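Noted in TrEMBL for the protein shown:
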type	residues	note
COMPBIAS	328-348	compositional bias 'Polar residues'
COMPBIAS	349-360	compositional bias 'Basic and acidic residues'
DOMAIN	163-247	domain 'DUF6534'
REGION	252-288	region 'Disordered'
REGION	328-360	region 'Disordered'
TRANSMEM	6-25	transmembrane segment
TRANSMEM	46-66	transmembrane segment
TRANSMEM	116-142	transmembrane segment
TRANSMEM	154-177	transmembrane segment
TRANSMEM	197-219	transmembrane segment
Amino acid sequence: MAAMDLLLGPILLGTIVNIWLYGIMVTQTTMYYVAFPRDHKWIKILVGYMFLVDTLNSIFDIGLVWKYTITLFGDVEGILVSSWWFNVEPVMTVMISSTTQGFFAWRIAKLTGQPWMGWGIALSAFIQFAAGLSSTVGAFIVKDFARFQELKAAVITWLALSSLTDVVITCILSWYLHTHRTGFSKTDDVITRLVRLTVQTGLITTLWATTDLILYLGWSHNLHLFFQLPLCKLYTNSLMSTLNSRAGWGGSFTTSTGNPDPMSGGTGTGQPSRKGPAVWRPDQPKSHQTTAIQVMTTATVHRDDGFELEEYGLDTKRVSPDDIEAFGQTQSRVQLPGEPTSTAISDETSLHSRASFDRK
């Protein structure tokens, strides 16, 4: 009886977690299509692909539970042999994990301007896919659960590279975001939240895949399946949470620039607001300031043409570090009385004293 518990228990519990995470995925997918209708077509297709594979994976896992708990109920010998419902699990997992890592590889290449980083991660994702496919082929060959330890080479390559790649992606993105802080609270707050989200999502998939590998190597029973069956859902939710997190940046962006956050699907054009200068009127009390000071602020907002997602405070083009405007920083300067006002500044707030008004 104990052996039966260790054989079927992890499959049942793993499927329960899988379905629970699938519900979160459905919610996130719906939120994405509602909140970001202007995202580029290929990103929408990518999300649709992930949702389709995720759905098929959940259906197959339900079929797996039905097979071993209903159809083969009481068949002690039958439940010792793997079913095709289970054998396709590795390849479906890598179809999702490799795609997710490939997406982040592309994004890293665009952000850093270092294509070799992206290609390195993409190569790792491809090797994982090949190892996952080999695991599926091997499962159809060996058939018996007890012989799955013979597939160690493919499984180790798949799960070890998966964990390592997640760590590399997390470190590169966190490093890039951290080194592009601007010193302005609104922009830096967005960057801090991005770093936190990157670390959290990367840490979850890394720990989950590592635990799956340790249990597979350390025990001959099916306990590792509790971590194996929901693994693909963690990758899809990781990608979707990254895409949907943009909807929460609108408040900070609006406050700092006066425009809707373009990354949240708003109607902002990325241009600073055109509010007219606030000037002291002659009917105001004469006791106000007597020094004319004009403070001009320029906010630079860039669009990642490749990613088709507008980003505030970050530039994905490869530029010279000397060009601080290319990194989306906000420059401020104080103009002294009598200094000519540049017409190139698109967003300015002018404070004129009565003395300045009288001179005009």
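Cβ coordinates come from backbone N, Cα and C, glycine included.
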Residue counts (helix, strand, coil, in that order) that DSSP gives for the domain 'DUF6534' (163-247): 72 helix, 0 strand, 13 coil
Distal contacts, the transmembrane segment (6-25) - CB-CB under 8 A, six or more residues away: 51, 54-55, 57-58, 61-62, 64-65, 68-69, 79-80, 86, 145, 221-230, 233-234, 236-237, 240
Arithmetic mean of per-residue pLDDT over the domain 'DUF6534' (163-247): 86
Distant-in-sequence neighbours of the transmembrane segment (116-142), which means Cβ under 8 A and at least six residues beyond its ends: 82, 84, 86-91, 93-95, 97-99, 101-102, 104-106, 108-110, 148, 150-151, 154-155, 157-158, 161-162, 164-165, 168-169, 172
